[in-house]
Amino acid sequence: MSMTASSSTPRPTPKYDDALILNLSSAAKIERIVDKVKSLSRERFAPEDFSFQWFRSISRVERTTDNNPSAATTAAATTTVHSSASSSAAAAASSEAGGTRVPCVDRWPFFPFRALLVTGTAGAGKTSSIQVLAANLDCVITGTTVIAAQNLSAILNRTRSAQVKTIYRVFGFVSKHVPLADSAVSHETLERYRVCEPHEETTIQRLQINDLLAYWPVIADIVDKCLNMWERKAASASAAAAAAACEDLSELCESNIIVIDECGLMLRYMLQVVVFFYYFYNALGDTRLYRERRVPCIICVGSPTQTEALESRYDHYTQNKSVRKGVDVLSALIQNEVLINYCDIADNWVMFIHNKRCTDLDFGDLLKYMEFGIPLKEEHVAYVDRFVRPPSSIRNPSYAAEMTRLFLSHVEVQAYFKRLHEQIRLSERHRLFDLPVYCVVNNRAYQELCELADPLGDSPQPVELWFRQNLARIINYSQFVDHNLSSEITKEALRPAADVVATNNSSVQAHGGGGSVIGSTGGNDETAFFQDDDTTTAPDSRETLLTLRITYIKGSSVGVNSKVRACVIGYQGTVERFVDILQKDTFIERTPCEQAAYAYSLVSGLLFSAMYYFYVSPYTTEEMLRELARVELPDVSSLCAAAAATAAAPAWSGGENPINNHVDADSSQGGQSVPVSQRMEHGQEETHDIPCLSNHHDDSDAITDAELMDHTSLYADPFFLKYVKPPSLALLSFEETVHMYTTFRDIFLKRYQLMQRLTGGRFATLPLVTYNRRNVVFKANCQISSQTGSFVGMLSHVSPAQTYTLEGYTSDNVLSLPSDRHRIHPEVVQRGLSRLVLRDALGFLFVLDVNVSRFVESAQGKSLHVCTTVDYGLTSRTAMTIAKSQGLSLEKVAVDFGDHPKNLKMSHIYVAMSRVTDPEHLMMNVNPLRLPYEKNTAITPYICRALKDKRTTLIF
């Protein structure tokens, strides 16, 4: 059969999608992974491997003045802890005396484990194996990055209460451990406890001890915290109750099968850290897994050639942070002979071959060569030439603005944003807006930090200078270094939080009422600002407020750095897209089942607000209005009864009928109801006004909506005459909510079909903007404002795995978002906190909650809560570094490798090119394969050997 089709014969449309065929072809072998994991997870450790409560004697306290480890042993009070009282006393004594908890490596048992290696090209189906494991086995699913974890949550369709976490969160890592892990002094101190030099790690026992020592400061802190909690529980209850409480400490107690995605970004020693904490938590809780002597089975998923793990060290004295490449888990399992033999990698390696993200054969063949380090052919290099475009075009923000720019460094990203902002200021200034970023510094903690970091210093460094130098550590580096930040930092003193609260309380008592500034249940919860953890600021401490401003672009492509709480309040898109969502129940289907009632209520509110569009569209004629009036409107008891009461209500002399012009019951939940007579002053603005929701009666001579309806029934929408605004979910049963939704949906679809028929299909292409039970005003400075002063919607979250469009910001109260005031200084709250508004791929609008983060610094073994930042948790998808794009699928990509790139690596080239889903939408400033680049040749022989090994499981 000839493979050349006739030019006159049209190519038949394939019955099945290429990606589906590729996934089906690999399904059988993917199922074998389940059998392999089952076999590995059946391993048991021997009863004599662990002594009773071994975890209580793995460390001791050494005073900082002691230089001799053996001498310190006799001075320590916690070699073996026999009671909760002695443990607490020792911990307190060590803290006061500047003691450091050091390991007793001679008392450490060996922690056995099993490992399965799952690698492959980008988009080859590694995630499919995780889906199969999650569906068939009881396992703990994690990722090394937030993006990887949230991507798995979306793929596995996890509910909001069961989101996939990062492996660091699973074993107990929190923000205050960042400086502990980075401390150069701690790592230098622990060098003396190593059992051997790296080249002498000839046994798995030696390797495990040295790897755990590399992370010991964090391990010791987590262990101390858990032991103190266990001892407090044991003192107040039985040992069994204490064990049961500890069993809920970590997901590592749920299963001995632990899946870690994107392991190529995790340093080698983290594998042993995960193994250690599996045994620690299960031994502490005396769980079923520990009683059955289950050995942990770690499934390491990722690509060793497209990622690299970095390790950093921070010096408090010089305030310098050094970053260098480390050995990642995947490379260690592939190259380290000790791990290869112990884990039997030859028999426990699954390799995915073909790229399913992009099904172009030539492009997939190129990626395969790059992934496995096979020498490239000349035709591969020539093939990449087709993607080259002039550098000036790629660096011009106005050229191919829909494409995501990828750069090697943050400096290049920042330069691109500056060019973009300058260009927008000239042509589309209305798209730019800036918002404040707050940093509340505790003066006492900062002073103590300066004294610990530089005891001989004459005076502490100015706090604003310290903030500028440590901005990358205080606030997420990738999030902020790419944005256009103001060069000026405003510094001002804050009143003590207790004084602000007292003033507010006296004001409330004088004027009456409570109220919440940023939404939720109201009341005065500022006092909770003092109630946090062991590093919380004292109520009487003085604080300094540092403020800088960050510039955003309306309509730009953005993402978030972590799962962020948000509220769905509206929809913005085309009428056709909205109808498609209704017909397929797309929004309902993607909502977790426990939130189903809220989803039905939200879409009902959107439908109610969207009904006005049929009467105000540019295509609406009198003939269409007559046809629309004939559409059947079924009775909905919960809405029609209220409508009847409205019609029967007497006229009010004040011109404001409390039924027609009521304040929404939802809007009073914040404690500050908006009077109907209160006017809103707007400059240049666009108003989406739904007549039945309008509260405006500014001109006494103007004809009101009600009067207009009295004069002509043709322009009176019978929908709004029959139904009142849907009440809140608390007033309806689930059945009533679903009935209301189906009724509104059917009416909307019938009206849509009628308009499509009468307009010849043109109505579907019109833009549609609808908000949940609200009238909305778009101001010239990108501010979105509700005419009631508040928004109401469904509580949800936005994911780092998704891309969103920035629509602006709002300063209005968001009633569905719980208050975060207890974490923010009350004086900052009084200034008002703006929230960003994002639109997802379907068109739904989210109000993003503010991001509040506490920066805890560790110096000389002491943790200090130095500052709290309030920002927006946003990262740009318009432009980013190649490293930041790891794990993302992008539709259109423009890569700028620079004019004379230094330290260019094959991993950079591979990650940048493999992000795109279609090579037709890829462009680069140069052909990087024609430039000198660092090849990952060290690991290539091992991969080639595995490809030829019959024991390796290959999945095409």
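First residue shown is number 1, and so on along the chain.
Glycine residues also receive a Cβ, built from the backbone N, Cα and C atoms like all the rest.
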Per Swiss-Prot, the region 'Disordered' among 288-324, 658-694 spans residues 658-694
THR127 (ATP binding site), Cβ-centred 10 Å count of other Cβ atoms over all protein chains shown, is 19
Under a three-state DSSP reduction, the secondary structure at GLY125 (ATP binding site) is coil
Neighbour count check, CB within 10 A, over binding-site residues GLY120, GLY125; minimum at GLY120
Excluding its own, the Cβ atoms lying within 10 Å of the Cβ of THR121 (ATP binding site) add up to 26
Quick note, LYS126 (ATP binding site): same-chain residues at least 6 apart with CB under 8 Å of its CB -> VAL118, THR119, GLY120, ASP261, VAL301, GLY302, SER303, PHE352
